[in-house]
Structure formats: C-alpha cells, structure tokens
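Undergrad: This structure is in structure tokens; I'll ask about it shortly.
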Amino acid sequence: MKLTIKEIAHVIHAKNDLSALTDQTIQHIEFDSRLISSGDLFLPLKGARDGHDFIETAFQNGAIITFSEKKVPYPHLLVEDNLLAFQTLAKYYLAKLAPTVIAVTGSNGKTTTKDMIASVLSEKFSTYKTQGNHNNEIGLPYTILHMPDATQKLVLEMGMDHPGDIDFLSRLASPDLAVITLIGEAHLEFMGSRKNIAKGKMGIQAGLGIENELIAPADPIINAFIYDNQNITRFGSGEKLSLTKLVEHKEKLSFNTNFLEETITIPIPGKYNATNAMLAAYVGLKMGLSEKEIKKGLATVQLTKNRTEWKKAANGADILSDVYNANPTATRLILETFQTISPNKNGKKRVVLADMLELGQSSAELHAHLLDHLDFECLEKVYLYGPLMKNLYTAAHGNPAVVYFETRDDLTQAIKSDLQPNDQILFKGSNGMKLFKVVETIEKNSPSSHVS
Ligand SMILES: N#Cc1c(NC(=O)c2cc(S(=O)(=O)N3CCOCC3)c(Cl)cc2Cl)sc2c1CCN(Cc1ccc(O)cc1)C2
C-alpha cells in the first residue's frame, strides 16, 4: 500500500487534529496486531474482542499510527466507525490504482474459479487475488489495500453470509466483469432458501453496471433478478458457454468447449472444476489472452489451501473443515454459521475445537470465552483438543457434552466411534494443531465436494 498519513486522514475524514504528526507513507494496514511490523497502520476491529484493547501491542510491534473510535494516548486517526473508514479507504485506493476488477461469487467453487482466473490472467498481466478466505466486508477491503502497486488485474472473491452482503461488496469494488459460479446446492445458513441465495448472488450487479458483462449459470432461478438490459452471458448445456467434451483422469481433467479450439487440461479432477476452468478461460479471452496463454495458465493453477469447505466422511456424515485462520473472531463466526445450519434428518451436530495458537498472554481467556458461543441446545458433543482448549474444558464445569483429549489419536478414535452417517461435524483450529489429519482419517475412501 502506498498512502501517506495525511492522505488517509483526508479520505476517511479523521476528526482529530493531525498537525503535530509527520506525514509518513504507510506500508501496510493490519487488524491482527500479530501481523503489524514497523511503519504499519493498525485497524482495531470489534471481533471476539474489541481491537482497541490491542493498540498497545500493535505499537509494541512497530505501528506508527492507529484508527480509533475514541481518544487514545497514541498517534491515531479518530473516526466514528473504524470498519467504515477502512472500507472507504479501500474504495479510494482502488480508484487511485484503477486495476481491472473481476468479481467472483457463487455457492460452489468460487475460490477455485478465483484461483483459476488469476492464474490465467497472470500469464499476461500483473495480477493479484483474494488470499485465503478474505472474501467478506473485512477481507475484501483488506485485499484491495494489500494489492501490489503495479497490479493491473484484481480478482476479488465475494462471500455471502446474509442478504445484501454481495450488493455491498460489489458497490465497494465496482467490478468491470462479474462471474457467478453456481447457486446454492445445500446448507442455506442465514439465507433461508435457494431463491434467496440466487437473489443474494445477483446483488453482484449492484456495482457492475449494465454495460459490463455478468457471466452466470443457465439456472432459471436467477432470471427474476437480472437487471433490465444487463449485459449477461449464460453458461451450461446449450448455452453460449458450454463444455463439449470431458475426460476425467485420477489427478487431472481434459475438456473442450464450444468457444475454444484447444483442448484444455487442468491438474485437478471433478466435472465442476471443468466448468470453473471454462469460466476462467472465457475471462482470459475477454481480457485478450491467446488460447496458448489460457492453456498454460490453467495447467499451472495454484489452489488456495485449507479453505473453509464442506467434505464427506467415509460413513456419509457432513464435515465442515475450517482449519485456515483460527483467530478468536473466525472461530466465533464459524461456530455461529455451523450452529445456524439445521441438522440433517436423524442426525446430530458435533464440534471439534483445537487450540488457537499465538494469541499471547490473553490466550487462556480467549479460549475459555468460546464457551459463550457454544449452543448446547443444538450440539450433541464438543470435542476439545490441545493444552489451551483445557481452559475451555475447565470453563464448561463438567458439562457432559464437552469432552477433552490430550492426543490427536484419542480424539480421532472418539470421533470415529461417535460419528453417525447423518451427522454434521465442524473442525476448527490453528494449522499447527494438524486437525486436517483427523479430517483425512474420517474422510478416507470418500471423494470430497469442495465448497468455499
Ligand atoms: N478478537 C480478536 C482477535 C483477532 N481477530 C481477527 O483477526 C479477526 C479475524 C476475522 S476473520 O473472520 O478471520 N476474517 C478476516 C479476513 O476476512 C475474512 C474473515 C474478522 Cl472478520 C475480524 C477480526 Cl477482528 S486477531 C487477534 C485477536 C485477539 C488476540 N490477538 C493477539 C494478541 C494476543 C494477546 C495480546 O496481549 C495482544 C494480541 C490476535
């Protein structure tokens, strides 16, 4: 990021007097104080804790200024709402650097499609893309403010938890091209119906403009939500964009389309990935890439690791695996989402929580606090693993629905013996706890359906 303190203060209408401050250029903006390094701007957000509590830590780590919603004894930019200021700054920065913006949303495969589009465009342009699961009202502005100065193409993933989320993100990002991969197949979460999911995803038109192209599935459920005179291209069997041939191999896939001469090969299996790759190829064509460049981009795609995804256990149970970023807020948010989802018929809901690492001296309290976010009305059992989760186990005061394990093997055995075919089970914890090994064990011999 290349913005000066005075420039930022002007853009976000900081309310305090900054005349005493030197006008330095800010390198990065961070809301996790552990990521702050020398010369950075800190953004206190209200996550599992109030970020204002971590301003001191941010300055100890090298921050030279912080947003703040109240007067603090540190150099600060005083605003009404830190998040709104952050989002306003992102919109300004995006307009200043003015890359071409490609927006991607959809219930299935949006992360894979975002990765494929970025891999294709990187063959010809300086391209930046959403990292990890940074696809919401915090992650999207964070992505914009972290793009390299020379970025020509910016590929933004837009996630939706509630109605209106995508409209907001689209208005912030003002995309030049938008892609909707698929409309909800399962787990309606806070949306209530597939129709509401379709309406929500079509909110991507809000910041697009009818002259810019929307690429969307043939699924008629979206038809009622297409803006008048919207430039739209549909994909699917018999549509303008369609697959004409598909050959699946164990670890790769080859396919043809009705708009490319070449056969395309991607290093990942699954028919839905052929569709995702077809969309990426079409975006590449629209951006002026040759078929040769498109082929190369798709053959070398780097998929986002450890994204939040629904998988299937060997016995048929639904697994929600979110082992990407185990900070207190992400853990609270995924618990809220998982507990909102109705159980499968004759099924139970189970949660596996492992330590959230590197949380410093407030770690014990942050782990114990998770008890406030566990709804024992809907959970059959909570499995805790790791020395820090002992704090949560103690806080549960012998609740029989809460069990604790010292080792991953004991945890795995307990889950394997409890888990029933119609159950749903959530896994959440820091990468370092290696929960993915437990997921892999109960997933054995079952193809996973990637949703993210
Ligand atoms: N609450 C809280 C904390 C964090 N929260 C977040 O990073 C965070 C993550 C998320 S998120 O859900 O992970 N995410 C962000 C990117 O886009 C997708 C969604 C969100 Cl939405 C909001 C916040 Cl505020 S990071 C963090 C804390 C509290 C503790 N901090 C370290 C620390 C420990 C002890 C100390 O004394 C000082 C600092 C690290």
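Every residue gets a Cβ built from N, Cα and C, even glycine.
Curation plays no part in TrEMBL annotations; they are all automatic predictions.
Pulled from TrEMBL, these are the listed features:
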{"type": "BINDING", "residues": "Gly106, Ser107, Asn108, Gly109, Lys110, Thr111, Thr112", "note": "ATP binding site"}
{"type": "DOMAIN", "residues": "26-71", "note": "domain 'Mur ligase N-terminal catalytic'"}
{"type": "DOMAIN", "residues": "104-283", "note": "domain 'Mur ligase central'"}
{"type": "DOMAIN", "residues": "307-430", "note": "domain 'Mur ligase C-terminal'"}
Undergrad: Could you give me the DSSP helix, strand and coil counts for the domain 'Mur ligase N-terminal catalytic' (26-71)?
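TA: Split into helix, strand and coil, the domain 'Mur ligase N-terminal catalytic' (26-71) gives 13 helix, 11 strand, 22 coil.
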Undergrad: Within a 10 Å radius of its Cβ, which of these binding-site residues (Ser107, Thr111) has the fewest neighbouring Cβ atoms?
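TA: Per-residue Cβ counts within 10 Å for the binding-site residues Ser107, Thr111 bottom out at Ser107.
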Undergrad: Looking at the binding-site residues Gly106, Gly109, which one has the fewest other Cβ atoms within 10 Å of its own Cβ?
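TA: Across Gly106, Gly109, these binding-site residues, the one with fewest Cβ atoms within 10 Å is Gly109.
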Undergrad: Within 10 Å of its Cβ, which one of these binding-site residues (Asn108, Thr112) has the largest number of other Cβ atoms?
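TA: Checking each of Asn108, Thr112, the winner is Thr112.
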Undergrad: For the domain 'Mur ligase C-terminal' (307-430), what are the DSSP-based totals of helix, strand and coil residues?
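TA: The domain 'Mur ligase C-terminal' (307-430) comes out at 44 helix, 29 strand, 51 coil.
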Undergrad: So what's the mean pLDDT when you look at the domain 'Mur ligase N-terminal catalytic' (26-71)?
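TA: The average pLDDT of the model in the domain 'Mur ligase N-terminal catalytic' (26-71) works out to 96.
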Undergrad: Enter the number of other CB atoms within 10 angstroms of the CB of Lys110 (ATP binding site).
TA: 27
